[in-house]
Amino acid sequence: MRRPLVAGNWKMHGTCASIKLLLNELATQVLPAEVDVAVFPGLVYLQAVGAQVAQSDIVVGAQDCAVQLEEGALTGETSALQLADIGCSMVLVGHSERRQLQDETDSVICRKFIAAQAAGLTPVLCVGETLAEREAGQALAVVQRQIDAVLVELGVDVFAKAVIAYEPVWAIGSGLTATPEQAQDIHAQIRAHIASHSAGVAQGLRILYGGSVKAANAAELFAQADIDGGLVGGASLNAKEFGAICRAAGN
Ligand SMILES: O=C(CO)COP(=O)(O)O
């Protein structure tokens, strides 16, 4: 039985004041004990958020890390070890916005995945196809290629301590959520692909859906057999919405 995970990716949103308020409001929400809840604030807010949620069960993750683990002359970069040092336990790798805007390649993302695990962080490997790729019938092939960049390179066992987030690019920030059937179809195929290497790893692997998840659509998405929670963007900036999404992942 997989424990659901609901993760809020705050992207480049928030200020000291607004984040404090958001967390204060989130503290008034009932979050189900059987659901893991994580928030991914911008880098400069990680420590403050960590301090504010320290007495709760909410864990904190970063949105990216450097490919290099060891300290060095890499201006502007932050290593996975540094993220672990300030109390992060998870890190997103390969979010589509970084693939597109920062030209991150599959091989760079694989190196970040390695760095994350070496530092003891759980990498959340984000995968997903563009609308053009879906319309060309390439959705599964694209997702499989993105996963294989890690799977073939490192072997299946690394997924025993990782999370995959399926985020179709066309559903991100667009209000166009994948239907539960569309999402379940890809999730099931991701799990089958992992299972072709190790049934045990596939069974335990949490696969999150991301892309316009809201309180109004979360329950039917999370009811799907292979959807183990969500990676939530915009709706995670509203405590009531996010709380309701977390509750939708509960029993
Ligand atoms: O990119 C996402 C989470 O990583 C999804 O963003 P939205 O929920 O705003 O569509």
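The backbone N, Cα and C atoms fix where each Cβ goes, and this holds for glycine too.
A coil conformation is recorded for SER212 (substrate binding site) in the three-state DSSP classification, outside any helix or strand. As annotated by TrEMBL, substrate binding site applies to ASN9, TRP10, LYS11, GLY173, SER212, GLY233, GLY234.
Residues or ranges marked as active site, electrophile in TrEMBL: HIS95. For HIS95 (active site, electrophile), other Cβ atoms within 10 Å of its Cβ number 28. Reduced to three states, the DSSP call for HIS95 (active site, electrophile) is coil.
Residues within less than 8 Å, Cβ to Cβ, of GLU167 (active site, proton acceptor) and separated from it by at least 6 positions along the same chain comprise HIS95, SER96, CYS126, VAL127, GLY128, TYR209, GLY210, GLY211, LEU231. Per TrEMBL, the feature active site, proton acceptor maps to GLU167.
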Site of maximum Cβ density within 10 Å, from binding-site residues ASN9, SER212: ASN9
Entries of ASN9, TRP10, GLY173 (binding-site residues) sitting next to ligand 1, with Cβ under 6 Å as the cut-off: ASN9, GLY173
Least Cβ-crowded entry, counting other Cβ within 10 Å, from the binding-site residues listed as GLY173, GLY233, GLY234: GLY173
Remaining residues near the recorded substrate site, that is with C-beta within 8 Å of the centroid of the site residues ASN9, TRP10, LYS11, GLY173, SER212, GLY233, GLY234: HIS13, ILE172, VAL232, ALA235, SER236, LEU237
GLY173 (substrate binding site) in three-state DSSP notation: coil
Cβ neighbour count within 10 Å of TRP10 (substrate binding site): 21
